[in-house]
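Student: The following feature annotations were taken from TrEMBL:
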- B:150-173: transmembrane segment (TRANSMEM)
- B:179-198: transmembrane segment (TRANSMEM)
- B:205-224: transmembrane segment (TRANSMEM)
- B:230-251: transmembrane segment (TRANSMEM)
- B:258-280: transmembrane segment (TRANSMEM)
- B:318-339: transmembrane segment (TRANSMEM)
- B:351-370: transmembrane segment (TRANSMEM)
- B:390-408: transmembrane segment (TRANSMEM)
- B:413-430: transmembrane segment (TRANSMEM)
- B:442-472: transmembrane segment (TRANSMEM)
- B:500-622: domain 'STAS' (DOMAIN)
2 protein chains.
Amino acid sequence: MANPSRQAVNFATPRGFATAFKADCKETFFPDDPFHEMKHEKPLNKLKKTIQYFIPLFEWLPNYNLRLFRYDLLAGITITSLAIPQGISYAKLASIPPIYGLYSSFIPPFVYSIFGSSKHLAVGTVAACSLLLSETVGAKASPQDDPTLYLHLIFTATFFTGIFQTALGFLRLGILVDFLSHSTITGFMGGTAIIICLQQLKGMFGLIHFTTHTDVVSVLGAVFRHRNEWRWESAVVGIIFLAFLQFTRYLRQKRPKLFWVSAIAPMVVVVVGCLFAFFAHAEKHGIQIVGELKKGLNPPSIQYLNFDPQYLPVTVRAGLITGLIAMAEGIAIGRSFAIMKSEQTDGNKEMIAFGFMNIIGSFTSCYLTTGPFSKTAVNFNAGCRTAMSNVVMGFCMMLTLLFLAPLFRYTPLVALSAIIMSAMLGLINYDEMIHLFKVDKFDFVICMAAFLGVSFVSMDVGLMLSVGLALLRALLYVARPAACKLGKIPNSSLYRDTEQYPGSTPIQGVLVLQLGSPIYFANSTYIRERVLRYIKEEQGVSDSKTDIIEHLLLDLSGVSSIDMTGIETFLELRRILDSKGIKLSIVNPRIEVLEKMTLAKFTDAIGKESFYLSIEDAVQNCRFSLHSSKTTMEEA
Amino acid sequence: MANPSRQAVNFATPRGFATAFKADCKETFFPDDPFHEMKHEKPLNKLKKTIQYFIPLFEWLPNYNLRLFRYDLLAGITITSLAIPQGISYAKLASIPPIYGLYSSFIPPFVYSIFGSSKHLAVGTVAACSLLLSETVGAKASPQDDPTLYLHLIFTATFFTGIFQTALGFLRLGILVDFLSHSTITGFMGGTAIIICLQQLKGMFGLIHFTTHTDVVSVLGAVFRHRNEWRWESAVVGIIFLAFLQFTRYLRQKRPKLFWVSAIAPMVVVVVGCLFAFFAHAEKHGIQIVGELKKGLNPPSIQYLNFDPQYLPVTVRAGLITGLIAMAEGIAIGRSFAIMKSEQTDGNKEMIAFGFMNIIGSFTSCYLTTGPFSKTAVNFNAGCRTAMSNVVMGFCMMLTLLFLAPLFRYTPLVALSAIIMSAMLGLINYDEMIHLFKVDKFDFVICMAAFLGVSFVSMDVGLMLSVGLALLRALLYVARPAACKLGKIPNSSLYRDTEQYPGSTPIQGVLVLQLGSPIYFANSTYIRERVLRYIKEEQGVSDSKTDIIEHLLLDLSGVSSIDMTGIETFLELRRILDSKGIKLSIVNPRIEVLEKMTLAKFTDAIGKESFYLSIEDAVQNCRFSLHSSKTTMEEA
């Protein structure tokens with residue numbers, strides 16, 4: 001009966017469990033196949049390449065030369081001029097003494113230059129994580145009432161961040177970062193920018209009393225409740241600084257070559273602010289200044305790590321959340337700049353580098369560092385060639401700490417506020433949000449969940465809400481896989497979705513359905529219902545007895561895997577179809593699916609002759625059997 | 001340049017958001033399309049059909065006749081003989097007075113017969129949920145120290161179960177049940193059976209002191225710690241009963257026609273036990289009996305529902321978890337029996353029926369009921385035709401409560417233990433576990449997580465662990481979609497996985513990759529890496545300059561949807577490919593994918609001429625351009 005010309009389906013014996021498991025693990029954890037190139041090397045070369053793989057420094061340092069160094073030197077100096085004001089500002093955001101912001105730009109860059117795989121990433125502290133740390137840890141220990149305990153808990157949280165990041169890197173769980181979607185990050189960044197800007201109203205208006213909450217309502221409430229503390233002098237100075245900074249940003253957009261103006265603008269603001277405060281005795285006019293900054297390098301802080309069970313939950317939690325966000329930001333930014341130069345970064349290596357940076361940082365009075373967007377962009381534009389620019393920045397910071405730090409004591413807080421506000425205003429990506437709204441409403445909802453959650457509730461609630469929605473969507477994707485009815489496109493052997501290609505014609509007596517996505521417990525009930533509905537609809541349309549469906553072809557080309565529940569659903573489906581007198585055939589099952597079907601004896605149950613390699617083959621065969629059954633009936 | 005014979009891709013204008021959203025919602029919540037048939041009816045008929053849809057009673061009652069009733073009467077009496085001993089036994093498992101087990105078989109069957117859509121389901125209490133209720137609620141209120149409070153909390157939990165089930169049904173969230181996979185249920189049932197059997201050792205050995213924990217270690221520990229309480233008389237009687245019950249089960253397996261022997265066996269055990277206890281004064285020989293059972297119907301219990309905030313978390317939690325499990329069991333069982341008769345049940349209707357059953361039950365001194373496996377199987381085998389058998393059972397229970405209840409006071413506890421043990425031993429599905437191990441190791445792990453978790457930790461931990469693993473697997477499925485390289489099968493226009501079909505040959509200069517599953521944030525990084533790795537491998541193999549890849553064809557037939565991150569990944573990929581001099585083409589994008597690509601202007605970015613309807617078309621075109629570029633080079 002079988003059509004002799006048909007192509008054979010390959011019923012190979014299923015691979016052993018060990019082989020399949022090894023292949024799956026490799027695909028899951030080593031999709032980039034890092035050791036592929038080393039396979040055919042000699043042992044000594046292999047060792048060398050492995051060391052180079054784990055410590056990227058050894059990869060680029062041997063080829064390093066003076067020409068490259070000229071570029072890196074310039075970039076390093078440029079980012080230092082950004083690192084000083086940002087370090088001081090963000091330390092204020094994290095509610096720790098400003099000097100720790102400078103410390104955090106000294107040790108970590110050296111660590112990163114050894115282990116980091118990105119050429120353009122500039123290491124530093126980030127605003128969002130600084131505020132998040134202060135919000136989370138501040139709930140347990142007040143930075144005002146017990147600053148020492150608070151500082152020690154910040155170091156401890158940084159330590160946990162480091163451990164977490166290193167562990168994820170070694171376990172090759174870069175996959176976790178994949179679950180922070182683009183929409184989540186856009187919304188989170190936007191929301192964070194809003195609340196950080198609002199926080200700066202404290203510095204702008206020279207307020208003394210403020211709230212520890214970060215949401216829009218509390219912050220605006222606090223600002224207006226303390227109207228009596230508003231100082232116009234402070235506000236005027238702040239607005240001038242902010243206008244200057246925004247102007248330099250505008251200039252950069254208009255003339256990309258003038259990027260260095262906006263790069264050094266924050267430093268200019270700090271220096272001008274210091275001079276102004278020093279000569280005008282600003283303190284007496286209600287303009288607060290940073291206050292004493294001690295000369296000297298980072299003191300060790302390893303002895304301050306606090307593992308008291310009372311504080312452990314909060315430090316671990318703060319460490320994990322900020323670690324994840326910092327990592328996502330750092331990896332995403334490193335990647336996007338690498339792409340511009342058609343280069344690649346390795347997410348897992350980056351995680352290990354960030355992890356070491358934070359572990360060592362937590363031992364040496366640094367708090368959470370990663371690769372911030374603004375600094376990295378400046379580094380890239382300043383023409384950095386390798387991670388050496390971070391080394392240059394580290395040296396510059398060392399000199400600053402040793403000699404210049406005390407000079408910054410006159411920095412007006414309002415200057416720092418202006419710097420933070422200006423940086424944050426650039427992070428609200430309106431265009432992207434509008435784009436999301438236009439293209440994908442669900443992505444927009446995910447984005448808004450993060451944006452509004454962060455703005456009106458708190459940073460971690462916003463983040464979790466958004467990630468939760470994104471996961472829900474992922475689960476819905478798998479729970480409701482698209483199925484469609486195929487028809488034949490005239491004058492070809494192609495079968496395509498009848499909805500998408502209205503010209504395609506159905507085949508008499510044969511229903512062809514295409515299933516997409518893996519089939520397993522979460523969607524097998526749905527698939528059964530959906531297939532039965534197609535049959536019901538089909539038979540509803542054609543009332544005449546001749547047009548009745550006799551064959552159901554399931555095209556499984558798009559089904560990448562199946563589990564036991566899925567196979568049992570197919571068996572169930574076959575029983576139901578049998579009772580309706582419909583024959584089930586399977587078209588083009590993929591290797592993983594066919595293996596499972598063979599193991600579960602499904603192939604034997606429906607018969608190997610019911611498996612086809614192409615829809616055309618299957619349809620030919622069905623026609624043949626339709627025809628012969630009709631002839632038999634007529635003869636009888 | 002374009003090949004004139006190629007088939008056109010349909011670049012229709014994307015559907016409006018409202019249309020697409022409506023279609024998506026319909027697919028998600030109404031995959032069975034219940035109102036499809038009513039569309040073309042007259043208003044009055046429509047109303048009638050809608051009522052019939054929501055209250056299935058009206059669907060079968062008008063056609064009901066005496067012939068059908070004969071079958072249902074017999075089945076109803078048979079299940080009553082099972083309902084009495086099971087009711088008493090499971091009430092003991094739930095640590096509430098045995099009379100409530102009888103109450104629970106009186107009201108709920110009537111409710112189910114009105115709203116339920118299954119013809120074979122027999123309503124009753126279930127062992128697993130009874131124990132789970134006692135474990136969860138017992139942690140907050142001791143059934144020994146404060147039995148009244150405990151009982152009221154059980155009613156309250158049942159009330160929440162009902163509300164939860166009804167809500168899920170109305171919201172059409174039957175999808176939740178889909179997340180309890182077959183493997184999870186197999187493992188959970190097995191583990192529950194083990195711990196329930198072990199619990200029965202208390203009754204078997206006539207122990208007075210016992211543990212409130214349910215895990216294997218605690219229970220065995222308690223049994224051996226109280227060696228001094230062991231009574232051999234009790235054990236001997238118990239073993240005789242158990243042997244008898246197991247024998248009748250064995251008989252049923254050998255001769256399916258004798259199913260009624262095993263169906264009435266528990267009743268026989270109870271009656272014999274009562275007579276034995278009455279005449280032999282068993283109490284004096286260490287064989288405990290049930291004790292007083294009051295005559296009379298269910299008293300109202302609506303006034304006992306306890307919404308005290310102190311107990312709310314535990315009652316809500318107990319209600320949700322037991323509700324979900326009971327629902328999963330009931331729906332799965334109703335479905336499997338319906339399939340045997342080629343009929344269908346509606347999960348959402350079943351949920352509403354269960355919900356009403358439990359809400360009304362909680363008002364009338366019943367605790368959690370659903371459709372237990374054993375009773376339903378007996379009902380089915382006894383030849384029930386409609387839900388009328390439940391009505392018969394309800395009437396029989398009413399008569400029992402009104403007249404016979406006091407007679408059961410002499411039932412020995414050891415008889416109940418034997419009944420429970422015998423029922424539970426049948427629930428451990430060794431064959432299925434071995435089958436899972438053979439076919440799908442991950443499914444086996446999910447199953448074992450439930451089995452061991454329930455046995456050694458606690459029922460809810462086991463369940464959550466297993467569901468968690470299953471969800472993790474679902475997420476891994478979407479995070480690591482299978483991609484494969486296609487080659488041309490000789491003498492055909494088919495392109496298939498080169499791994500699966502080693503005979504297929506690659507096309508010179510063209511790399512064809514097939515992607516499966518939706519593309520979105522959780523897997524887009526992976527997909528980019530994987531595609532780039534394929535290119536690297538390809539170019540590593542062929543060192544000669546002529547064999548270099550010039551075209552990359554992505555077959556998206558199996559990609560059912562895409563999000564913003566996914567589209568951005570494609571744009572990124574295209575930039576990288578451009579820098580390598582490789583041209584990207586898309587083959588057969590599905591309607592949802594093409595819509596998003598059009599909206600995001602991706603189609604404009606890579607050009608509509610880079611979209612093909614079939615791989616063959618695309619390959620022809622690539623060959624053409626390869627050829628012409630070569631000719632141009634040669635000419636130049």
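Glycine is treated like the rest: Cβ placed from N, Cα and C.
Automatic prediction, not curation, is the source of TrEMBL annotations.
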Student: Who are the long-range neighbours of the transmembrane segment (B:413-430) in its own chain, taking Cβ under 8 Å and residues 6 or more past its ends?
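Tutor: For the transmembrane segment (B:413-430), the list is 85-86, 88-90, 92-93, 127, 186, 189-190, 192-194, 196-197, 200, 202-204, 206, 234-235, 237-238, 241-242, 245-246, 249, 266, 269-270, 272-273, 287-290, 373-374.
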Student: So which of B:150-173, B:179-198, B:442-472 has the most C-beta pairs under 8 Å when paired with the transmembrane segment (B:351-370)?
Tutor: B:150-173
Student: Looking at B:150-173, B:318-339, B:390-408, which one has the highest count of Cβ pairs under 8 angstroms to the transmembrane segment (B:442-472)?
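Tutor: Most Cβ pairs under 8 Å with the transmembrane segment (B:442-472) come from B:318-339.
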Student: Would the transmembrane segment (B:150-173) and the transmembrane segment (B:318-339) count as touching if the test is at least 3 Cβ pairs under 8 Å, pairs 6 or more apart?
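Tutor: Result for the transmembrane segment (B:150-173) with the transmembrane segment (B:318-339) is yes.
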Student: Going along the chain, which residues at least six beyond the ends of the transmembrane segment (B:390-408) come within the CB cut-off of under 8 Å?
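Tutor: Cβ under 8 Å, 6 or more out: 72-73, 75-77, 79-80, 83-84, 88, 98-99, 102-103, 105-107, 109-110, 112-113, 116, 121-123, 270, 274, 290, 292-298.
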Student: Any residues 6+ beyond the ends of the transmembrane segment (B:179-198) with a Cβ under 8 Å from its own?
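Tutor: Distant contacts of the transmembrane segment (B:179-198): 93, 127-128, 131, 214-216, 219-220, 223, 324-325, 328-329, 332, 420-421, 424-425, 427-429, 432-433, 436, 443-444, 446-455, 459, 462-463, 466-467, 470-471.
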Student: Are there residues at least six beyond either end of the transmembrane segment (B:205-224) with Cβ under 8 Å to its Cβ atoms? List them, or say none.
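Tutor: Beyond its ends, the transmembrane segment (B:205-224) has Cβ neighbours at 131, 135, 138, 142, 194-195, 198-199, 230-231, 233-235, 286-288, 413-414, 455-459.
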Student: As a quick check of your reading of DSSP, tell me how many residues in the domain 'STAS' (B:500-622) are helical, how many are strand and how many are coil.
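Tutor: Helix, strand, coil within the domain 'STAS' (B:500-622): 66 helix, 26 strand, 31 coil.
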